[in-house]
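Everything below concerns the one structure shown next.
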Amino acid sequence: MMCLRCTGTVWTASAHIITAVIGSGVLSLAWAIAQLGWIAGPIVMVLFSAITYYTSTLLSDCYRTGDPVTGKRNYTYMDAIQSNFGGNGFKVKLCGLVQYINLFGVAIGYTIAASTSMMAIERSNCYHKSGGKDPCHMNSNMYMISFGIVEIIFSQIPGFDQLWWLSIVAAVMSFTYSTIGLGLGIGKVIENRGVGGSLTGITIGTVTQTEKVWRTMQALGDIAFAYSYSLILVEIQDTVKSPPSESKTMKKASFISVAVTSIFYMLCGCFGYAAFGDASPGNLLTGFGFYNPYWLLDIANAAIVIHLVGSYQVYCQPLFAFVEKHAARMLPDSDFVNKEIEIPIPGFHSYKVNLFRLVWRTIYVMVSTVISMLLPFFNDIGGLLGAFGFWPLTVYFPVEMYINQKRIPKWSTKWICLQILSMACLLMTIGAAAGSIAGIAIDLQTYKPFKTNY
């Protein structure tokens, strides 16, 4: 049966993935490499990109149950789990819990990151006007609220199939600020007339031995977070038209996207580390690693904000769809769930919007914004989200579904290799989670709710 709403191509799918993957986390990779050093840093980045691409190909094969061309479609990640493992068992519920907590966490992280970039624009202008004399401290709350208002408006876009244009704009913005960050890093290396950093990363003495261990683990989480998109892969694949089969298109889109993002990640991370060495900031553009040219930093930070507006929506769509589908199933005759209202837009036609969608999505954005004001630890939250979501959503479930779908015999060579991959990633995830939790514990020592100043 042909999917009339599935009009996506390899390019729109790539745009969705790039929008999801190249987040402002790319700008924290210099810090991550600084913890790992010139040997382990690039190796870990290549390793995570290879794992992400491989497991995404396994997951894309599970979009249809049975035959890859004519089998039953699985519209969401949870549908794929349910089709492969049956019913509403433990694995289905566990997958849903991890996926939707992760999606909500990403919304919080992106709100924090966007507000930080908005503040960075005002701070750089303030710093420039004062000639570097004014520290330009400011509170982040108003910026988070402003971002939340914008997201409430864009959240009324019904679904992925109508989000393609926003993803393309966001993808262009991600290349814009990544390129600026890369260019500034190269310029700083030239200015320093040398490459900073060491083979083993930040040295003992600059930090304690215990801090070195925790930071190394947290760096793993940051890199994992930078590659996370498996939790929305099935939903993106559901926008793709066929023929060719959706899995073929998605594998091609995944290859293009992971290759492009890996190149950008490697360049931005390595040149940032080369420029600042052990002093690499948590964010190249908002951590005041650079002060000039201030107008170029403003352009880069504006591009980050625009990109995060799109990324927020891409990550929230699966959770929006899940809640709205269940509301329609539980309350099929409810006026609140089914009623559409007209919202007048000056100078344009009135916009029809579902009442439940308007209320639920508005509440969702408001709650994520308030929590963002309570927990403004983007780097540590990013690492924790990367750790929390990477193994189960990027590795474990794709591997188990693939084994089930392809009927791979237990204890066969392929089965053993897949299990080794899964267990190795689990160990990395545990370490990354521990490092991120340690970072949050340190931040909490000086934390005051709703009073975070930069």
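Each residue, glycine too, has its Cβ placed from N, Cα and C.
Copied over from TrEMBL, here are the features:
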- 7-440: domain 'Amino acid transporter transmembrane' (DOMAIN)
- 12-31: transmembrane segment (TRANSMEM)
- 38-56: transmembrane segment (TRANSMEM)
- 100-121: transmembrane segment (TRANSMEM)
- 163-184: transmembrane segment (TRANSMEM)
- 255-274: transmembrane segment (TRANSMEM)
- 294-315: transmembrane segment (TRANSMEM)
- 358-378: transmembrane segment (TRANSMEM)
- 384-403: transmembrane segment (TRANSMEM)
- 415-442: transmembrane segment (TRANSMEM)
Considering the transmembrane segment (358-378), which listed stretch of 100-121, 163-184, 255-274 counts the most C-beta pairs under 8 Å: 100-121
Selection from 100-121, 163-184, 255-274, 294-315, the stretch that has most Cβ pairs under 8 A to the transmembrane segment (38-56): 255-274
Same-chain residues near the transmembrane segment (255-274), Cβ under 8 Å, at least 6 residues beyond its ends: 10, 14, 17-18, 21-22, 26-27, 29-34, 38, 41-42, 45-46, 49, 52-53, 56, 175, 178, 181-182, 185-186, 189, 195-197, 226-227, 229, 280, 284, 289
